Amino acid sequence: MRKKIIISLVSIMSALMLVFVFNVLGPPGKASAATTDPTTTTATTGASPTTSTTTAVTSPTTTQTATAVTPTSTTATPSVTTTSDPATAVTSSSTTTTSPVTAASAPSTATDSPIPSKEIPMKGNTAADANVTLGGTAINPGDTTQSWTDYSVGFNWSIPDYVQINAGDTATFTIPDNVNVTQPTSFPVKDPKGNTIGQFTILPGQKTGTLTFNNAFENTTTGRQGTIGFTAKGTSNTTEDKDFIVNKYGWINNTAVPSDGTTTTDGEHAPGSLTWNVAFNSASKDLTNVVLTDTIEPGQTYIKNSVTATYGYMLNGQYVSQGTIEPTSVELVGNQLIIKFDKVSNYIDLRYQTTVQNVNLDGVNKWHDKTTLTADQISAEAEHTIEWGGAGTGEGAKGSVIFTKVNGENNAPIPGAVFKIVNGAGKVIQEDLTTNEEGIIEVDDLAPGDYVLIETTVPDGYMQSSNYEWPFTIVEGVNEPVRITGIDVPIPEDPKTGQETLTKLDAGTDAVLQGAEFKLFDADGNVISSPLVTNDQGILELTNLAPGKYSLVEIKAPDGYELNPTPVEFEIKAGEENSVTVKDAKLPTTGSLTVLKVDIATNDPLKGAVFNILDANGKVVKSDLTTDDKGQIVVDGLPDGSYTLVEVTAPEGYLDNKAPVKFTITAGKMTTLTVSDTFDESDVTEPEPEPEVPEPEPEPSEPEPPVVKPVTPTVPEPGENTTSEKHPSVDNTPGVGKLPQTGNRNPGLSVFVGILLLTLLVLMHFVDRRDRRNR
């Protein structure tokens, strides 16, 4: 049987497994068809992994190029995978860019093509408009200029209104014929706020410079004007044959290339070194003890051993050198270069070099040098300034807006709010505009038109108001800025503290009490604050208390009141305001007296003693005070002071106690006196003794009959054997107990044995049936 059950279970499990395999893997032959051609299956996804799989073996390089360009194309795959020339692969892949995905994402050529740049018509940019000056003195276009002298060249330019200017547009400036640019010069042109509107560039040997605009003026159509200024040299190499003691010149030697190989925006390099030229004794006089002191100003560093000197003469405005001459000494002391000659008799041309630091690439640089000559025969000074670079300004008629962000509850400024400005066409003009510590944003250079200021980020701790967009209009010709004020509302914070208010009152009248002082304790008994005093309203306010348990203890009561030492306990919960009322009683002005009258021998209280109370002056203030059943007298309302208690009448049967008792009363306190009296034995008469009366003898008591308890006979049960059992006789004699009985049956035991036997029979029956089955 057991084998049959096992065989049945195995059969059922096998059948279930067959059903499972059939449903999951499908009928025979279907699974093998799915795995016959993984390449074909993958190709059905539309992502063209067929190309990737094939070309990964044939030409990895070609595959990467083709796949990157046309991941969705399958028509280009054959040409890509059959060539080994990377160039051909690139060409093939570029052909496949006509797939719908690539074509859809590519912007049209017309949309992305930049607006062509153009020459902007301008006033004040011609050679005739140029302002050439030397040390503030105007140089006319026909004046002779010296090639070793620096001249300032400036233009004041303007653009006609409503000429559109886009990024990349240019304007040309022409310099006069009597000045030359010898160093590459380029600098930004900025508006009064420091914003760049373009870049000016002029190169050595050129007579024209170019101002190239950025997009700063795209939205500005009126009031566009500015300046251009830079340094140039003269054009003449001759000078008049005039005698002079000392002259000073200087020029830029070269431009320094930064160590990283970079240049300025227009390829310009900053000056690296200067040459300073000191010419003296043009009359070729005999001079002795000649000392040249050359002061080198900050921003320059003397190049060691760079001093050279020649001697010669002037011929037709030109210096003719006859040879070199060595100074007696050259010494650098601080920022002074001291050059000495013992004796000179010729025209001396001396030169030395300095390096320059902190060159401003965006403006005009000036390096100044001064020379003092002293000799036994003469003394003189000369100085010179070398200029390099340029600067330009430009501005247009634009408007501005000032926006102020404030707290909606208290009008306090709110820093950190972020905004953007959108023009009427929906284009973002400026973004990431953040309010400063004063809650203000100032935006300048806004062309006339309509705008919207939009809050994009609300500061921490605030909610954005329903109105977070502010439209405004810039009106042409109006110089006053548009002013806007916006609000944000603080986010309500969950309260972190609570408050307790104590009110101090008079215990009798409920009048407020000022001046009660308290100490505040925390749950650990630490003093939090002390003293805390009730105000003229009787109120003590405890604010900003952290959640927890506290207690207030009165340390000083108001004047005239009793101190209430009971701690006032309370609990603080965040955000809750609780209150408590505490009362003080007035200080008592009188005291009390308790008199206890007792027997001197037994200390028993005595009723009926009569007393008077006298004050310190002997005046009776209380009289006929009589002790009660407890021997007591209680007297209230006695003012502070000294008193005397006098017994007027002793209790009946007692001798009068004539001794006065002095005592003192203290306000608010009870004074207790105990006074004793002596029993008067002289008034007591002893009674005669009564004759003794013999006690009668007790009568004899009759004996009570004994109580006999009836005995109920036992009726035997049917079938019970009664012949062998005898009933004992009952002894009714009083005081005689029953004899113990033996042989009585216990019915509980019989029941237990019967159940046990029945259980054994049932067990034996089931065992027998099992044995029969086994056989």
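Just so you know, glycine gets a Cβ as well, placed from its N, Cα and C.
Straight from TrEMBL, the features:
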- 1-33: signal peptide (SIGNAL)
- 30-122: region 'Disordered' (REGION)
- 147-233: domain 'SDR-like Ig' (DOMAIN)
- 270-381: domain 'Collagen binding' (DOMAIN)
- 399-476: domain 'SpaA-like prealbumin fold' (DOMAIN)
- 501-585: domain 'SpaA-like prealbumin fold' (DOMAIN)
- 591-677: domain 'SpaA-like prealbumin fold' (DOMAIN)
- 674-745: region 'Disordered' (REGION)
- 703-716: compositional bias 'Pro residues' (COMPBIAS)
- 748-767: transmembrane segment (TRANSMEM)
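Of the candidate ranges 270-381, 399-476, 501-585, 591-677, 399-476 contributes the most Cβ pairs within a distance under 8 Å of the domain 'SDR-like Ig' (147-233). Same-chain residues lying 6 or more positions outside the transmembrane segment (748-767) and placing a CB less than 8 Å from one of its CB atoms do not occur.
Averaged across the domain 'Collagen binding' (270-381), the predicted model reaches a pLDDT of 89.
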